[in-house]
């Protein structure tokens with residue numbers, strides 16, 4: 001742009017100098033025309049006054065004629081230079097107009113480029129703002145992710161400890177149950193022995209009171225069969241059927257009141273129906289819809305509906321026939337708070 005302005009200044013300066021030179025030549029041409037006219041008039045006046053015999057006048061006339069001829073040549077040269085200057089002036093005017101058009105185009109292009117630059121600058125500013133905002137959000141998400149990872153690690157550690165404690169409690173419970181079963185079996189066996197001894201003494205007393213003949217025959221019969229008329233029972237100590245019901249802990253088990261159907265609820269948020277009447281576990285259906293571990297299950301009196309409660313503070317009812325969810329009861333926050341307060345008080 002500076003180079004173009006400098007070229008335009010030089011062109012305008014050259015145009016002004018040519019215009020001034022043309023004006024000067026025009027003034028000189030006018031002066032020479034006037035002098036030529038004066039000389040021509042003087043020549044005519046001298047030619048009227050002088051005679052052919054006058055030698056000095058003839059020489060003067062020749063000198064004047066030569067001067068006029070020289071002036072005419074100079075006038076012709078000035079006319080030629082005037083024409084050249086005029087043509088050059090026209091060419092310069094055309095070139096100046098062309099330069100002005102180019103200058104206008106350049107200025108328009110410069111204005112458009114300035115607008116584009118301004119628009120691009122605004123876009124750059126907007127993109128920088130967006131980048132900063134995304135960086136802040138990214139950092140916030142990184143912080144949240146790190147916090148969640150820490151919380152997850154803590155919960156995983158807590159879950160592992162809880163599972164270990166649960167396994168220990170289960171083992172302790174199994175051991176206690178086994179001890180209770182052994183103790184109950186021992187007590188029952190003692191009770192059975194005492195009862196058999198009591199019945200044997202009563203039979204012996206009755207046989208002694210009956211008579212000698214009868215005593216001999218009946219006494220031998222009773223002594224050989226002391227357990228007649230008594231059917232003993234004991235607590236079961238062996239496993240009849242074992243199967244994996246859920247992917248995790250089994251929290252609830254319930255028998256159907258009308259069918260040989262078993263319902264189980266577990267930590268995998270499912271209620272499953274099992275048929276164990278044939279000595280094997282046959283899955284009769286899976287009831288889904290809980291959002292947390294199922295903690296309790298129960299049938300109605302007709303065995304057509306099944307109720308399950310879970311750790312999401314909700315109870316759900318399914319139909320056994322089509323295994324579809326019928327109702328979903330969600331406890332309110334106030335009721336949950338009251339239940340938790342009652343649990344704390346009971347502890």
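Using N, Cα and C of the backbone, Cβ positions are placed for all residues, glycine too.
Model, not experiment: these values are computed from the prediction.
Under the heading coiled coil, TrEMBL lists 27-81, 117-172. Residues or ranges marked as compositional bias 'Basic and acidic residues' by TrEMBL: 199-208. The compositional bias 'Polar residues' feature in TrEMBL is assigned to 214-223. The annotation domain 'Autophagy-related protein 16' is assigned in TrEMBL to 1-185. Per TrEMBL, region 'Disordered' is recorded for 184-223. As annotated by TrEMBL, repeat 'WD' applies to 243-284, 287-328.
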Taking DSSP states H, G and I as helix and E and B as strand, how many residues of the repeat 'WD' (287-328) are helix, strand and coil?
0 helix, 23 strand, 19 coil
Helix, strand and coil totals (DSSP H, G, I; E, B; other) for the repeat 'WD' (243-284):
0 helix, 20 strand, 22 coil
For the compositional bias 'Basic and acidic residues' (199-208), jot down how many residues DSSP puts in helix, in strand and in coil.
10 helix, 0 strand, 0 coil
